[in-house]
Amino acid sequence: MVQLSAVIHKICHRRKQHFKSATTGVATKNMRNELNRLVNTVSDYHTKKAFDTEMQSFFYLFTRYLAEKAQNKELDWDRIKSPAADQIVSYDRLPTNPDPKMLNKLAVLKVNGGLGTSMGMTGAKSALEVKDDMTFLDLTVRQIEHLNTTHRVDVPLILMTSFNTHEDTLRIIKKYANQQLRITTFNQSRYPRIFKESLMPCPKSANDDKSKWYPPGHGDLYNALLHSGVLDQLLAEGKEYLFVSNSDNLGAVVDQNILQHMVDSQAEFIMEVTDKTKADVKGGTLIDYEGNVQLLEIAQVPSEHVEDFKSVRKFKIFNTNNLWINLKALKRVMENEGMELEIIVNPKTADDGQAVIQLETAAGAAIKHFRNAHGVNVPRSRFLPVKSCSDLLLIKSDIYSLQHGQLVINENRMFETTPVIKLGDHFKKIAQFQKRFKKIPTIIELDHLTVTGDVNFGRNVTLRGTVIIVANEGQRIDIPDGCVLENRLLSGNLTMTEL
């Protein structure tokens, strides 16, 4: 009886697999036909050729996604270990007398495809003014200019834009024409969104509405570098190393110690990681998987292990997305070995309410393809992203000052840590944030700030210690000009005179 049930189970399993592979075959064929049709909607020869290359890359990603789905391919959780001691090097152990001439072999790339929609922006996020009337891009340009003039080197700046930010970025960089800096821009891929039910592409023609397409995550960096010709251009100029970071990470400045360590250790790939706090539990982490160092993103974690993943005990560090890449090695991997990055399925809802999916990849996942690749555990100061208006308040405040485009913690701050700031939904969008703060408060002695509800700040307000301000539904609180709040909890309806 036992044997019979085992046989039936086997037959059912085979049928299931057969059904899956049959449906996979149909979906593959349908997608290929649709992509061919899309390519044929382009008339110009050169545009058509470039678009065809892009669609081939997308098709390869799509077929990998189907194959993995059919095989039910998942990471075996029991084989995941914390990284070994030699897979993560402490920043304190890096060389402290780097050779500045190595900078001539470096290029800096900023991932500049974000729109800042979560903060209510419609243009390129890097155009947001973050400090002393300067934008993310202004600060980056100032930093690299300072590097070039101080050391008499030629570090170029590369901007990877998306179809959402490309025109915006080209307009912005015109103002840097006379600076001591070369700026190159290239566009990352544009892939068609996929209807979840039919597994068919959303766009009907190559110039269909923007909402039908998506930029496939920063893991597309390698493909886009190769196909745009920028990789070959950098190699022809004698560049050997590329420092990559997100344009909204204000802590990601060129660090010569890390560059020198990369040269000395002959590492082909270095990922900067930093210690997790409660705010970073969802960040991707480095793991040891069967002896190899790999990136693990929360989207890849089976639901029953998500809490395990978030635990600081097992995974103490997370990926800052500051990456150092050997360009010759990248060329070798892309042309000979090929790069298969873990696919992240990002579910979305289209404008008409239909469920769609986006197949994306993460740049850090490439670590497994390179020799001597490892993490460097860097100070928290190298990870200062601006993802929300709470982050923006901190950066704009007197906690930080600027030195040659680089953020430096105010020497009058008594603590090494920065204050915790939590602004509620009334401050979520940039326009609301700017309206509610007549001037950014003085917070040099602040530990914690929570603000919820309809709250407005006057000029020259000082916040110290722990300050919690809560205006409930239908209530309003106005903090008057010159007000000092120290270890205060404010709630209810409050006008200027009552404070």
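Cβ coordinates are placed from backbone N, Cα and C, and glycine is handled just like the others.
TrEMBL labels come from automatic prediction, so no person has curated them.
Applying an 8 A CB threshold to same-chain residues 6+ apart, the list for ASP248 (UTP binding site) reads GLY114, GLY116, LYS125, SER126, PHE136, PRO385, VAL386, LYS387. The UTP binding site annotation in TrEMBL covers LYS125, GLN188, GLY217, ASP248, LYS387.
Sequence-distant neighbours of HIS218 (substrate binding site) (same chain, 6+ residues apart, CB-CB distance under 8 A): VAL111, GLY113, MET160, ASN246, ASN321, ALA362, ALA363. TrEMBL lists HIS218 with the feature substrate binding site.
Scoring each of the binding-site residues (LYS125, LYS387) by how many neighbouring Cβ atoms lie within 10 Å, the top position goes to LYS125. Under a cutoff of 8 A between CB atoms, and with a sequence separation of 6+ in the same chain, the neighbours of GLN188 (UTP binding site) are GLY113, MET160, THR161, SER162, PRO215, PRO216, ASP220, LEU221, ALA224. If you take the C-beta of GLY217 (UTP binding site) and look for same-chain residues 6 or more apart in sequence within under 8 angstroms, you find ILE344, ASN346, GLU360, THR361, ALA362, ALA363.
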